[in-house]
Amino acid sequence: MAISRRTALRASFLGGTGAALVGAGGGTALADPADSAPGATDAATALRLLKDGNRRWRRFASRHPHESRARREEVAGGQHPFAIILSCADSRVPPELVFDQGLGDLFTIRAAGEVLDESVLGSICYGAQHLHVPLVVVLGHSSCGAVTAAVDVHDGGEAPHGHIGYLVERILPVVDATPDEGDGFVDACISANARHVAEELRADADLRGLVDSGKLKIVAARYELDTYQVNFLD
Ligand SMILES: [Zn+2]
């Protein structure tokens with residue numbers, strides 16, 4: 001093909017400057033006021049945008065930003081997301097909704113229990129190294145089924161087989177290392193798991209340099225299904 005993979009890869013993260021801001025058909029694609037919200041090039045600003053968005057979500061005041069025609073046309077030319085979110089795959093925790101963000105804002109990776117494997121790591125590294133995203137959020141949540149399954153195995157239940165067994169196998173060491181204090185144990189494991197994944201990412205050979213040089217911040221957080229709040233754990 002005429003376009004090499006390298007060219008396509010470069011275009012995907014260098015693009016954007018050539019994108020039309022207004023629809024080719026004329027001035028019908030006026031920018032939504034929410035679309036003028038600034039992006040972020042540093043972790044502190046990125047965190048603030050996420051916290052502001054979650055506050056809107058909690059208060060049923062979501063703006064649903066960055067969905068306009070102009071935004072769609074802008075991001076067709078390139079992406080500049082301001083945060084990488086590794087969240088559980090749970091259908092009740094969609095990052096774009098709970099942080100009230102839109103197209104091109106979040107580089108989202110989802111895996112049950114936020115379990116790391118090579119493709120999750122590769123995706124995070126792409127966002128951090130090639131898209132220069134300054135912030136990674138590992139987002140766990142209350143009532144996480146993947147963590148609960150690992151707690152069941154910890155308590156003597158039979159380990160699931162196959163691919164689900166892989167997820168439990170990856171979460172189980174965190175559960176085993178978490179003090180069992182009765183009623184709050186699953187909750188404690190959920191927080192410990194998100195923290196552990198964030199620690200693993202900070203120590204990762206491919207990400208450590210960015211973290212050490214201050215170009216990348218990696219934090220753990222959890223979403224509460226009953227209050228709609230994201231609490232940052234670090
Ligand atoms: Zn979950």
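Numbering starts at 1 and runs along the chain as displayed.
Heads up, the Cβ atoms here are built off N, Cα and C, so glycines get one too.
Remember, it's a predicted structure, so these values are computed and weren't measured experimentally.
Positions annotated as Zn(2+) binding site by TrEMBL: Cys88, Asp90, His141, Cys144.
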His141 (Zn(2+) binding site) in three-state DSSP notation: strand
Intrachain C-beta neighbours of Cys88 (Zn(2+) binding site), sequence separation six or more, cut-off 8 angstroms: Arg110, Ala111, Ala112, Gly113, Glu114, Leu139, Gly140, His141, Cys144, Ala146
